[in-house]
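One structure is given here, and the rest of the page talks about it.
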């Protein structure tokens, strides 16, 4: 079997997967995408005192302002998740969750930690894709009315979302000289480039979903660590952030790469 035959078979599998899961995939993608906000909002409730004390100790802002910070995170994340899952005011929910990401980036000094900053940006990429999806749903209300080609804002949101999503994979590259790490780096880099430029996008994104899910289950198995150990919370945080990026990639699989992509340009050639 030649290289073209293998690629054709893989693309047929991706198309078949999309046909079978078309009705359910966007819902699963949205649930995965907001999972880190849902988990963090619930954690704010159960760890209110710890989070308040941490913010107060870090910024010396007093219990009142620290409590306001915890409340904003709790209410903002849980209400945003409810709005996204119920498909109500999704655009406002996305902007609110963008604000939560920015607030946490500053409050927890993530701005100076490149790995966590790239993961937060990848999370923002998933929200951009969710925002683009909500714009397309709004347009569907006017079915049958002649419209111009897909609007530029939506196209560029999808492009920005794809590019930001691949930052997650940049944090997973290993610079070891063993064969497995080299192979993983080469294959992973090729796939993230394909997603970023929008070439064979659905197949590349689906492959990344499978790969990232496997890595997440193996390396971030927080359920194997006792809850009282700090590593439990660290792995749990990583696990749900990774699930959110998986949700963003599933949106790419479900919705396609958008107008600013090589896949779209091929249709014009």
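Cβ from N, Cα, C; glycine included.
Automated prediction, rather than curation, is the source of TrEMBL annotations.
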- Query: If you check TrEMBL, which stretch out of 136-154, 155-173 is marked transmembrane segment?
  - Reply: 155-173
- Sequence-distant residues near the transmembrane segment (92-111) by C-beta distance (under 8 Å, 6 or more away from its ends) are 34, 37, 55, 58-59, 69, 72-73, 76-77, 79-81, 83-84, 117, 120, 123-124, 127, 130-131, 134
- Query: Where else in the chain does the transmembrane segment (155-173) make close Cβ contacts, counting only residues six or more beyond its ends and a cut-off under 8 Å?
  - Reply: 115, 118-119, 121-122, 124-129, 131-132, 135, 185, 188-189, 191-193, 195-196, 198, 201, 208, 212, 215, 242, 245, 248-249, 251-252, 255, 257-261
